[in-house]
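Beneath this line is the structure, given in structure tokens, with notes to follow.
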Amino acid sequence: MRTAHRVETVRQAEQTLISRLPDGTLMHRAAAGLATACANLLGKVYARKVVLLVGSGDNGGDTLYAGARLSRRGAAVTAILLTPDRTHQQALTAFTRAGGRTTTPDNAQHTLKQADLLIDGVVGIGGRGGLRPPATDLIRAAEHHHVPIVAVDLPSGVDADTGEVHGEAVHATLTVTFGTHKPALLIDPAREHAGVVHLVDIGLTLPPPEAEALQHPDVSALLPHPGATSDKYRRGVVGIAAGSNRYPGAAVLAVAGALRGGAGAVRYTGPATAEVLARFPETLISDKGPKHAGRVQAWVVGPGAGDEQAPVSEVLALDDVPVLIDADGLRLADPGAVRRRTAPTLLTPHAGEAAALLGVTREEVESQRLWAVRELASRYRATVLLKGATTLIADAEGPVRVNPTGTPWLATAGSGDVLSGLTGSLLAAGLPARDAGSVGAYLHGLAGRYAADGAPTTAYEVAEALPTAWRDVTG
Ligand SMILES: NC(=O)C1=CN([C@@H]2O[C@H](COP(=O)(O)OP(=O)(O)OC[C@H]3O[C@@H](n4cnc5c(N)ncnc54)[C@H](O)[C@@H]3O)[C@@H](O)[C@H]2O)[C@@H](O)CC1
Ligand SMILES: Nc1ncnc2c1ncn2[C@@H]1O[C@H](COP(=O)(O)OP(=O)(O)O)[C@@H](O)[C@H]1O
Ligand SMILES: [K+]
């Protein structure tokens, strides 16, 4: 599990530790990890040209101490001091003693052009807002000359706690972060600025995180496995109430996902029976609607539903069964009925659907994903899975799950229907909504990568790649 903590939490943990350690210990730990990561990226250090962009806080201090280490190993290190009168003085002294040179932003263009590496020490967790001049121009120049950038703690210019980006921000090749990840390193749009993220342990003791990202072992531990005495009912039956005369394909794709999600059987109700059976003869069919469909341990309602209100209301009234609401179902669901439910409810909007539910624009959701997912979870008293470049899963309280798998190739019609079926299947197999959502998104993202493998793919192929993703996780 990768975990991310808010700035306030990091600072508290740092204070506790600093009070027990000799002065400067944490900064030296951070700088040592940073210098090693930079050396690894450079391959060889001797005679390499390294440029430091040094801001006015401790982030600049870390950078100067790391620069001193690289200088002692034979690199030619130049520090561009953005605010010379406010530079971390002890770090600057150590840096110049180790043979480092300093310069001002005005004289830095030539040095920057020739650099093998730029270390971004403009701001870390103390940053407010986007990059400011002259850092903006210097970063642009480095990017223009394709100089690899290592960000110290965070890419300067991103909002550490939310992953929002207001203005310009560094695009790093590598981010070396200290003590714990920050939400911005997991959540878009900031995450895209971070490149590869390397965590340096500086010994912090931390409380529960703000955000967390599952990894293979976590997902493997959560996946349902049939026992020796399992039968299809004990493994769970997932009900799919989806599709319409206009969108029969959504039903087929939701069933395709559900069949690969670990439930023992899939029961379908809706107008696309013929299409579903033609593709998946193993599907159980009910023509009496959700309420009288027989035994079901979780319902998925909404994909391709068009304007069919009745199945949505019927499913929401089944108060002892977990329900996943997707796509058209989100528009058709009565918010009051969702809030009143006592069994788990999982809403799976994309940014456009989330925007409609929240009464804001799609752009606002995409730029403030963490806020949007938490706000929906709290308004609906439900678990919410917000799809997109980084899929987030949130309850009204507790750490937000961030899905680390996925590929932009998944932005293809119908792939969300596969996800809803798959996740519903995991709900039916007994996973709590938060786990079903995060495990579903994880497998779906991985399957998307297998299906695409660098080329366009289709929703149906994503469903077909789910067993490969499952084996990858458990193997
Ligand atoms: N506190 C600690 O014990 C440790 C802190 N560490 C480092 O210290 C950093 C935090 O240091 P600080 O609290 O000094 O804060 P920062 O160095 O992140 O930034 C604060 C300074 O940047 C200026 N600033 C804010 N926004 C700016 C912007 N958009 N453009 C330009 N300047 C801006 C502020 O005026 C302030 O002087 C961490 O990110 C990490 O790199 C590490 O050494 C590990 C230990
Ligand atoms: N840029 C992206 N990067 C990664 N995954 C994406 C991206 N865009 C969309 N996705 C994923 O693709 C799926 C699309 O679902 P959705 O928007 O509901 O499409 P549809 O309604 O056509 O099925 C979601 O799982 C979403 O997270
Ligand atoms: K930085």
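Just so you know, glycine gets a Cβ as well, placed from its N, Cα and C.
Remember, TrEMBL labels are computer predictions, not curated facts.
Positions annotated as (6S)-NADPHX binding site by TrEMBL: 58-62, 124-130, D153, A250, G304, H350, D417. Other Cβ atoms within 10 Å of the Cβ of D58 ((6S)-NADPHX binding site) number 21 in total over all chains.
Summarising the environment of S156 (K(+) binding site), the number of other Cβ atoms within 10 Å of its Cβ, over all protein chains shown, is 28. Taken from TrEMBL, the feature K(+) binding site covers N59, D120, S156.
In sequence order, L385, V402, N403, G406, A441, G445 constitute the residues six or more apart from T391 (AMP binding site) in its chain with CB-CB distances below 8 Å. Annotated AMP binding site per TrEMBL: K387, G388, A389, T390, T391, G416, in sequence order.
Residues or ranges marked as domain 'YjeF N-terminal' in TrEMBL: 10-210.
The domain 'YjeF C-terminal' annotation in TrEMBL covers 215-473.
The binding-site residues in question are I125, A389, and the one with the fewest Cβ neighbours inside 10 Å is A389.
According to DSSP, D120 (K(+) binding site) is assigned to a strand segment. Cα spacing between S156 (K(+) binding site) and A389 (AMP binding site): 21 Å, rounded to the nearest whole number. For the binding-site residues G61, I125, H350, a Cα to Cα distance of within 10 angstroms from G388 (AMP binding site) holds for H350.
The binding-site residues D120, D153 differ in how many other CB atoms lie within 10 Å of their CB, and the one with the most is D120. When secondary structure is read from DSSP and collapsed to three states, D153 ((6S)-NADPHX binding site) falls in the coil class.
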